[in-house]
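Participant: My questions all concern the structure below.
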């Protein structure tokens, strides 16, 4: 099974990705992790990406596509994975489609988490992450056992720069400019399943599992 998760920043894709990958025994492929791996290993693609990131620019599609393809090529024999953070636009989606065809892979479903801007703003204000392991919490919906401290490794929780209001609004603008076209692209291919991303974690998970179960019958 291959799934793609789409949705605006702050919607909780990472949380759902972790839950679904565990329940469905899928490998969680997160774009951010792939970039970090390339940075740490100082690969040619990692070096090239850093040039753009250090200037505050988006990494060109060609570099991102190649980085993702290189990584996916290593896990193709398993062919059960969930993509979180890729594709971000139609060009990347078309590249991925070609890669899947060449690799004899089948995309089962694209899950799109939708939400209103004001609801996202409220959710993002309460989001905190562990400064060490990256585990995500929410002050209202998913608080740590001890205020300000990670349950997993007892490190300090922080608010990411990306989650601060001004930065978040910029990220949302980029999403609306690029990724909304991608939603329509997958909708036209009848591959899209839309879910209200503002429901609680369990409700969202159950709706996704139900539609996947129906698809497989």
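Using N, Cα and C of the backbone, Cβ positions are placed for all residues, glycine too.
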Participant: Let me know which member of 199, 206 Swiss-Prot also records as binding ATP at the site of 10, 11, 12, 13, 14, 15, 127, 136, 137.
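Facilitator: My reading of Swiss-Prot gives 199 as the candidate in that site.
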Participant: Take the region 'NMP' (30-59) and find every residue of the same chain, 6 or more past its ends, with a Cβ under 8 Å from one of its Cβ atoms.
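Facilitator: For the region 'NMP' (30-59), the nonlocal Cβ contacts are 14, 17, 66-68, 70-71, 83-86, 174.
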Participant: Taking 10 A as the limit, how many CB atoms besides its own sit near the CB of residue 12 (ATP binding site)?
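Facilitator: For residue 12 (ATP binding site), the 10 Å Cβ neighbour count is 25.
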Participant: For residue 150 (Zn(2+) binding site), which of the listed binding-site residues (10, 31, 88, 137) have their CA atom within 10 A of its CA?
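Facilitator: Close binding-site residues: 137.
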Participant: Take the mean position of the Cβ atoms of 130, 133, 150, 153, the recorded Zn(2+) site. Which other residues of that chain put their Cβ within 8 Å of it?
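Facilitator: Neighbours within 8 Å of the Cβ centroid, excluding 130, 133, 150, 153: 131, 132, 134, 135, 151, 152, 154, 155.
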Participant: Do you know the mean pLDDT across the region 'LID' (126-163)?
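Facilitator: PLDDT averaged over the stretch: 90.
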